[in-house]
Structures are given as C-alpha cells and as structure tokens.
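Taken from TrEMBL, the feature transmembrane segment covers 42-66, 110-127, 147-171, 192-214, 226-247, 317-335, 347-368, 380-408.
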Amino acid sequence: MSTRKRVGGDVRNKSVTLEDGFGTGNPRVEESSDMKGDEWNIAILFFLYVLQGIPLGLSSAIPMYLQNRGVSYRQQAQFSFVHWPFSVKLLWAPIVDSLFSTRFGRRKSWLIPAQYLIGFFMIFLSGKVEDWLGSDHFNMHAPNIAILTFCFFCLNFLAATQDIAVDGWALTMLKRRNVGHASTCNSVGQTAGYFLGYVIFVGLESAEFCNAYLRRDPLPHGIVTLPGFLYFWGIVFLFSTTLVAIFKKECSSRERHIEAEPNLGVAQAYHLLWNITRLPSIRTTALILLTSKVGFSACDAVTSLKMIDAGFPKEKLALMAIPLVPLQIILPLAISKYTVGPRPMNIYISAFPYRLLFGIIAAGLVWITPFIVQNGDVPLYYYVVLILIYSLHQVTLYSMFVAVMAFFARISDPAVGGTYMTLLNTLSNLGGNWPGTLALWMVDSLTYKQCSAPELQNN
C-alpha cells in the first residue's frame, strides 16, 4: 500500500512498489484489456509514432552514405549525436507538460507546432543536404559533418518533442485498462516509420537495386533521391498535422475517468521531476537502465558499418530488413500479450542473456564477411544465414523493448504522464546512446590494420 499527498505540485511517496505504479496513490486494480471504443485512438497513436520514426530512419541512413565517402569512425561518432535528443528530452519535458493552451489541448499545443516544424525543416533540408553530403553533381568534396550533425540533431530534437507529447497523450487518450497497448503502438509505429525512412529509402535510392528489381532498362540513378524523399515527407507532415489539428479532439481527464493532470508552472514541474528522481525505486531503475545496454553497444552501433567496410553493399545490408518486416510487426503484437500483466519485466530479463550472445555472433560475422563477399556479390546461403541470425536478434530486441515500454506505461502516474514517461524513456535511450557513441569513438583506436600487397610478393 502506498500513501501520497500533494503540496504545491510536490509528490511524496511512502512504501512505493512497482505494482503500485511508483506513486499513483492507490493499489493497482487489474482490469482486462478491452479495445472497444479505443480503436480509433489506437490508430491515431500508431500513425503519430509512424511519423516519429521517419526522421529516425533517415538519421540511420546517413551514416551509410558517410561510410562510403571515407569518413573516419570518430566522425561517425560525432554524427551519432543526432540521436541524443531522445536521450536528453527530459531536460525540456517539464516545459512541455507545463506550458500549453487549455483551449487547444494540453498535448496538441506541442504536437502540432513540432510536426509543422518537422515538415518545414524537411523541405528546407531537401534543398541543401546533397551539397553537405559532398554529393552534388558539380563539385565533389568531403562531407560537412558538423553542419549535417547540427541539422539532423535539430530534426530529431523536434521529433523528440513530438514524442514527449504523444507519450503523455497516450495515457489519457486510451482507457486505463488499454494503456498497455501504447507500447505496441510505439514499437510497431516507430518500426514502420523507421522502415520507410531507412530501408525503403535506401532501396529506392540505390541504382543497383532499382535496375535489378524494379526496372527493365538500367539507369545510373535510383527511383528517388534524398532531396526528393525529404520534400515528400515534409509535405506529408504538413498535411497530416493539419488533419489532426482540425479533427482530433483532446479528451479531458474527466472524460477518461482518470485523475486530472495538474496545471503546474515550469518551476513546479521541474521541482516535481526532482522529487520523482529522489524515489528509491526510480534511482534503482535509473541505474539499471543507464548500464544495462553496455554489453550491446558494439554490436548495435558498429556491426553494420564494419560489414560495409568488409565489402557488404550498403543497399543490400539495408534491404536485408525487408523479409523481416512481417516479423517486426507481429513480434510486438505477440509479445504484448505477455506484457500487459502485472510483471512485464519478466520478458525483459529472460531475453537479456540471449541478446548478449548476439554480440559475439556479430563479431564472428564481421570477421568472416571479407572471405565470403567478393566484389559486392553476396552468396544466397550467406544472405539466408544473416537473415536467420538477424531474425533471432530481433526477437530478443523487441522482447526487451516492448516489455520495458509496457512497464513504463504501467508505473507512470497519469497525473504527470508526460514527465513520468519521458523520464523513464530518457533513461532507457541514454543507456543505449552513450555506450554506442563511445564504441564508435574507440573503433579507430582499437582497430588493428595492416597493409598487404600480394601481387608484389609474387614478383
């Protein structure tokens, strides 16, 4: 049992347990999930998370272009900072929770402007990105890593702000008994958006892929270009945001029969955030989230770039995810059946050792790839092996992701949902990003290189 009282936005908890929701004030009453009446809301949440995944996918595609332009791993580490807004969004989450227009809607006050800015920013980038990548047709030059990092950092900053609003809105948009499905919308929606922004783009931009599978007569370029792709999605963001602004009403807490969200000032919101971080259970959770992904960092951050170095074509590496799309969609749905109960983290703990194992497997793949892939030709048997290994890796990854997202949704107090969800998501993201950046930064120093010229040895 837990008790709580509020004093000017202060939340004080005693004997807080995970099952009690880290201070929701009342024992958790289990209700079975019933999606009736929430179908439209789930569809909207899914669509918003899809939009959120587009900038993330594009940000993951850029390093492959940079790798083919001879940038160092330290420059790749510099560009990896574009993913950090999702890891530090806690810094401005209380502002998103505190400053809003009651008439327009607590979450829509930030969601709509953020998505409009993403749309306009994508249209702006479409006219500049080729020159910054060093791939303009008139003057080939080295990529401008600094300005690319700044621009995509800004793009992801806006996407992270949209994420704060959507995460908070999910707690009031859905009925309390259905809030566990928010993690499914998040995982499936972000996966679909990431797939569109990364896999689909890399495939359609590749002349080799388009000539082999989509054209009769070969051409020296792909079906789409990076500027054209950015411009298209910029228009999609502007159009869809207008529809949400006009037609989607933001329900009040009273209409959803949950505790009303307090109207705190910015200072009170940060004070509330500080009090939340002082909870012993939150501190323990933070320590786990910030360190649990260290063992995965090299596998997640370096493997794909090392595979490209080893001769694996970037478009084939990206397109390897296509056969896995059904699996990536089905997995969160299947796993969510086991994470809507009182102990979703059991799935997380069970998947942990198997995901660690894939770090060793990835190192082996990087080592053998140069002996198998010659002149960009990937044998069919090796492609099948890679897809099988990647499929098993996805099972462990999604088991952990869906479980931890369901756990966050379960323990978050809807009265301060945006701050609670953002705190937990920030810790989880930061726990993955700082080891990844460090791994990229250390690759050049830890890589052993030798020069070999067999044709000279034979003379």
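Cβ atoms are placed via backbone N, Cα and C, with glycine included.
Looking at 42-66, 110-127, 317-335, 347-368, 380-408, the range that has the most CB pairs within less than 8 A of the transmembrane segment (192-214) turns out to be 42-66.
Proximity of distant same-chain residues to the transmembrane segment (42-66), defined by a Cβ-Cβ separation under 8 Å and at least 6 residues beyond the stretch ends, is recorded for 35, 75-76, 79-80, 82-83, 111, 115, 118, 133, 135, 143, 145, 148, 152, 155-156, 158-159, 162-163, 166, 169-170, 173-174, 178, 181-182, 185-186, 188-199, 201-202, 229-230, 233, 236-237, 240, 244, 248, 304-305, 308, 314, 317-318. Each of 110-127, 226-247, 317-335 was scored by its Cβ pairs under 8 Å to the transmembrane segment (147-171), and the highest score goes to 110-127. Panel annotation: around the transmembrane segment (110-127), residues 48, 51, 55, 96, 100, 104, 151, 154-155, 158-159, 161-162, 164-166, 169, 226-231, 233-238, 240-241, 244-245 of the same chain, lying at least six beyond its termini, place a Cβ under 8 Å from a Cβ of the stretch.
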